[in-house]
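Here is what TrEMBL records for this protein:
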BINDING   G93, Q94, T95, S96, S97, G98, K99, T100  ATP binding site
COILED    352-426  coiled coil
DOMAIN    3-336  domain 'Kinesin motor'
REGION    11-31  region 'Disordered'
REGION    427-450  region 'Disordered'
REGION    548-567  region 'Disordered'
Amino acid sequence: MEKISVAVRFRPPNPSPAAAEPPSYPSGGDREWRMDDIRVSLFHRAAPVPAASFSFDHVFDGAATNARVYGALVRDLIRAAVDGFNGTAFAYGQTSSGKTFTMNGSEADPGIIPRAVRDVFDTVRQDEEREFLIRVSYMEIYNEEINDLLTFDGQKLRVHESLDRGVYVAGLREEIVNSAEQVLELLQLGEANRHFGETNMNVRSSRSHTIFRMVIESRAKNQMDSGDAIRVSVLNLVDLAGSERVDKTGAEGVRLNEGKHINKSLMILGNVINKLSENGKQRGHIPYRDSKLTRILQPALGGNAKTSIICTAAPEEVHIEETRGTLQFASRAKCVSNCAQVNEILTDAALLKRQKLEIEELRKKLQGSHSEVLEQVVLKLRNDMHKSELERDRLAMELEEERKLRETLQHCLAEKQKMLEDLNNTSISPDQFTDSTQLDTLKTPDSNYTQDGFVARRSRYSNDVEFSPIPENLDNVADEDLWMRLNKGCITDLDMLEMTPGPKREAAPLEEEEPTDARCQRLEKDCISDRQQLEDLKARCVTLEKERDLPRDENSTLQHELSKSKQEANRLIAEKQEQLEDWKARCVALEKELSRSKQEAENLSAEKQELSRELGAEKQKMEELKQDIRVISGAFSQRERQLTSLYTKSKAIVEHCKGSQIATLP
C-alpha cells in the first residue's frame, strides 16, 4: 500500500485585484496565509496563534516554478510509468488558481504535461534493454459528455469496463507516437478543440476537464531473459476545471450550465476522496459511477496506480473560504492509499515457463536452507529429548534404589526399636535359671556337637555282588532260606560289629552376657545413626526428584518447541502446496485459454484467407474497371478530337459564308 502524494501550490498575488475580483469583495483584510516547506497556516494579523493549520508532502509559494513542482512530484511517477506502473497526476483547485498553468505552462516555463512527455522519451532512449511502443489520446469531459480532442467529429463517447482492459472509453482515438515533438503537436491540436470561456475571474477559463493519456508498452529485446513479458502502463495527466461561485464569476446562460456540471463532478470527486479516506470498517459505498470523471479515474483513486495531486490555491483574503476547502480536500486525499503493481501481459508459453520457474524456486526453497535448518532444529530437539529421557530414566532408577534402601533402613530401624522396647520391658539374667538345661535351651545351638553312636563296619567280601536276586514269592514272614537267597549266600559276621567311639569335645564355656544398659545404649546409638542416614536419604531423594523434574520440564519444553516446529513446517508445506495447486489451476486455465485462442486464431486465419480471396476478386474487378475506363477515355478522346475537328470545320464554313454574304452585298 502506498499513500497518494499531495502538494499545495499558491499562485502569486494578482497585481490588479480590481480586474480579477468582483467589486463587492475588497482586497483589504486582517487574515493571511503563511507557509513553509510542508505546512500552511492561516493567521490573523493581530494574533500570533494560527486559526487553521495544514501539513502536506510539499508546499510551494508563489515564487515556485513548474520545474520545481515537476521535480518534486511527477519525475518519479514518470520513471515508474516507464517501468510498468500506472501513474496519474492531476491539478485541483478553484477557478483562476493556476491549474492550467501548472499542467500546460508557457513557452518560458513549460508545465507538467510537456515536461512529462519529454521525460518519457528521454527515459525510453536511455533504456537499452527494452523496446517501447507509445500511444497517446486526449479527451475532455464537457457537461458530463466525453469528447475526443484529437478528432473533429464531435461524437459523444461512452465509458465501458471489461475484465481485460478495466475501465476504458470506447471509440477514443489513439495515436502511435515516436517523438516528443509529435506528441506536443497533438497537444496543440487538442487545446484548439477544448472548451474555454470568459468569466469575471478569468479571461480564459477552462470549461471542461481534460485527460491526456499515454499508454506505454515495452518488452525485453532479448525475450528469453524475461519470459516474453510485455509491460503495459497508463499515464494520466489531468487538468481539472476549477470550482466556482456564481456571485464571483458572474456566469449566466451557457457559462452557468457549465459551472453546474463542473461543480457537480468536483463534488462527487470530493465524496469519493472522503469515502476512501475513512476507516475500512466504516467505509461504505464509493460513488465512482456518479460521475464520468471519477469513473475514468477509478484506478488512480484507491486502485492500481501511483497518484500525485497538485492542489492550487489563491492567496488573496477574498478567496480564503475556497482555499480552505481546497486544503481540506488535500488533507483527506493524503489519507488515501493505492496498491500499485507492475502490469504485465504474458503469452501462454511464457506464463507456463514463468510458472515452472516459480514452482522450481518454491521446491528449492522447500528443499533448501530453510528446510535444512528446520531439520537440524528438529534433529537437535530430538537428540536433546532423547538425552533428557535417558537422564530421567537414570534418575528414576536411582530414586527407586534410594527408596528401597530407605524402606530397608526403616524396617531395620523398626525392628531395632522393637527389640529395644522388648529389652526395656523384660530384663533377662542368668540368675533366674536354676537348671542348666533351661539355660542351654536359650543358648545358640552348636552344630559341631554330635551324640555318641555306633558305626557298623562292612565286611570285606571276596566277590562284589552286583544286585540281590528278586524272590519269586514274597510272604509275610522271611525265613532263613529267603535271607540266604537275598544275600546270595553271604553271611553277616556279627563279631565284626563294634561300637565307634564319639569324638572328644570339651564343654564350651558360657559366654559372658552384655549388660542390658550398655546394649540399650548401643542400640540407641544405632537407631540415631540409622535415623540420620534416613534423613540424609530423604534429602537425597528430594534432590533426586528435583533433578528428575528438571529434565522432565526441559523435555516438555523441547516437545512443545518440536511440535511448534512441526506445525510451522506443516504450515509452510501446506502453503507451498496451495500455491502449487493454484499455479496448476492457472496452468490448466491458461491451457484452455490457449486452445481457445488457437481456435480463434484459426478462425481469423480462415476469415483472413476468405477476405484475401475477396480482395483478389475485387482487385481483378478493379483492373477490369480501370481497363474499361481507359477504353472509354480513349473513345472519349477520339470523340473529343472529332468534335474539335467538326467544330473547326463548321467555324470555317460559317466564316466563309459570312465572307460570301459580305461580298454579295451592293
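Glycine is treated like the rest: Cβ placed from N, Cα and C.
Shown on the structure are the features that TrEMBL records.
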residue : record           : contacts (Cβ under 8 Å, 6+ apart)
G93     : ATP binding site : K99, L240, G242, S243, C311, T312, A313, T326
Q94     : ATP binding site : G242, S243, E244, T312, A313, A314, H319, E322, T323, G325, T326
T95     : ATP binding site : T199, M201, N202, S205, A241, G242, S243, E244, T249
S97     : ATP binding site : R11, G242, T312, A313, A314, H319, T326
G98     : ATP binding site : R9, R11, T312
T100    : ATP binding site : A91, S206, D239
**Request:** Report, as a single number, how many Cβ atoms besides its own are within 10 Å of the Cβ of S96 (ATP binding site).
**Result:** 25
**Item:** Sorted by sequence, non-G93, Q94, T95, S96, S97, G98, K99, T100 residues with Cβ within 8 Å of centre, ATP
**Value:** R11, A91, N202, G242, T312, A314
**Asked** DSSP helix, strand and coil counts for the region 'Disordered' (548-567)?
**Response** 20 helix, 0 strand, 0 coil
